[in-house]
Amino acid sequence: ATAGPRSFSAAEVRARCAQGACLVSCHRRLYDLSGFVRLHPGGEQLLRRRAGTDVSAALDGPPHRHSANARRWLEQYYVGEIEPGDEQVPPRQRAPNPAAAAQLCAWYWDGLRAPQHYNHCLLPQDLVDWQKPLLWQVGYLGEKYDEWVHQPVDRPIRLFHSDFLEFLSKTAWYVVFMVWTPVVLYLSWVSYTSLAQGNTRLFSSFTTEYSIPVHKYYFPFIFLLGMILWSLLEYLIHRFVFHMKPPASNYYLITLHFLLHGQHHKSPFDSSRLVFPPVPASLVIGFFYGVLRLLLPEVLGLSVFVGGLCGYIIYDMMHYYLHYGSPKKGTYLYGLKAYHVKHHFEHQKSGFGISTRFWDYPFRTLIPEETFKKED
């Protein structure tokens, strides 16, 4: 027989908090968010800000709304029940010292205004076998795929049977910086020195009289243009490719969607899959370079390309930071992190900007501001 949920006394909860645990209580159900709290917008600040305050005050989280996905996500960290009569833990008292108070973080979802009708059901039985590679399974989900892939979980994903292919599909964040930054620096030098020769003219392919010389002093502006074009391309790819809804009857399109982006929405904190691995990235980058070579003079196309490549590096680094960083509350990055978390957990069909929200404005895909406001 399967053992029932473990019971925790108030004293035991206090002891675990004092040791650095972050516990959440919701109608006597106890959850351990110690590993996740710093990934939540404001979690790192909560631990620092409340050092030396009244313990009970440090335990009361600010009321704000949580999506159904957030409540479903919470169930992954369920550890047991608080013993009857001990729901109000710990009692109001002064922390013995500021260092201990800094570690106390027992939030109450009652205080976070979790709906009273929430049934506390455990996670539903999953539709895939997590002990096997997922890539060849998801195509069979059919009409269930779109809902399943937008119900995030906190666990690593394996895509391929082959260890070699699996290795190529994963990468650490710093690899992107280490691989592509030298390329940007080298190509920037090549572009600038080529422009300095004074042989580059715009429109020279079809007119001589009205062609425009491109001087080396224009390079920073061309580079910036490449970055801006990349930010637009980033938005369009994210919205129309990564967030396409594959036909339920098409096994291959579902599999392709999961490979491109669905895996990230299913497991948004799989750190090895937050940035684009260099090998497949080089194929995509090479394609866009070829397009620019066809549209623009060689040096001009290279200058735009290198600016776009720099924009891509910033995008990938920003994306990783929005998932794993702890920006200070009130800063631009803090707002962007909260915005991106909303995209993952509640508004998957809007909020496509990652390194900037700018393009969400003209394309009318901005996440409504009221979803970020606290409940009354």
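Just so it is clear, glycine is given a Cβ too, placed from its N, Cα and C backbone atoms.
In TrEMBL, annotation is done automatically, which means it is predicted and not curated.
Pulled from TrEMBL, these are the features on record:
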type	residues	note
BINDING	HIS40, HIS66	heme binding site
BINDING	HIS238, HIS243, HIS261, HIS264, HIS265, HIS319, HIS323, HIS340, HIS343, HIS344	Zn(2+) binding site
DOMAIN	5-83	domain 'Cytochrome b5 heme-binding'
TRANSMEM	172-192	transmembrane segment
TRANSMEM	217-237	transmembrane segment
TRANSMEM	274-296	transmembrane segment
TRANSMEM	302-322	transmembrane segment
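If one looks beyond the transmembrane segment (172-192) by at least 6 residues along the same chain, the residues whose Cβ comes under 8 Å of a Cβ in the stretch are 216, 219, 222-223, 271-272, 274-278, 281, 299, 302-303, 305-306, 309-310, 312-313, 316-317, 320. Shown are the binding-site residues HIS238, HIS265, HIS323, HIS343; the one with the most C-beta atoms within 10 angstroms of its own C-beta is HIS343.
Mean predicted confidence for the domain 'Cytochrome b5 heme-binding' (5-83): the pLDDT average there is 67.
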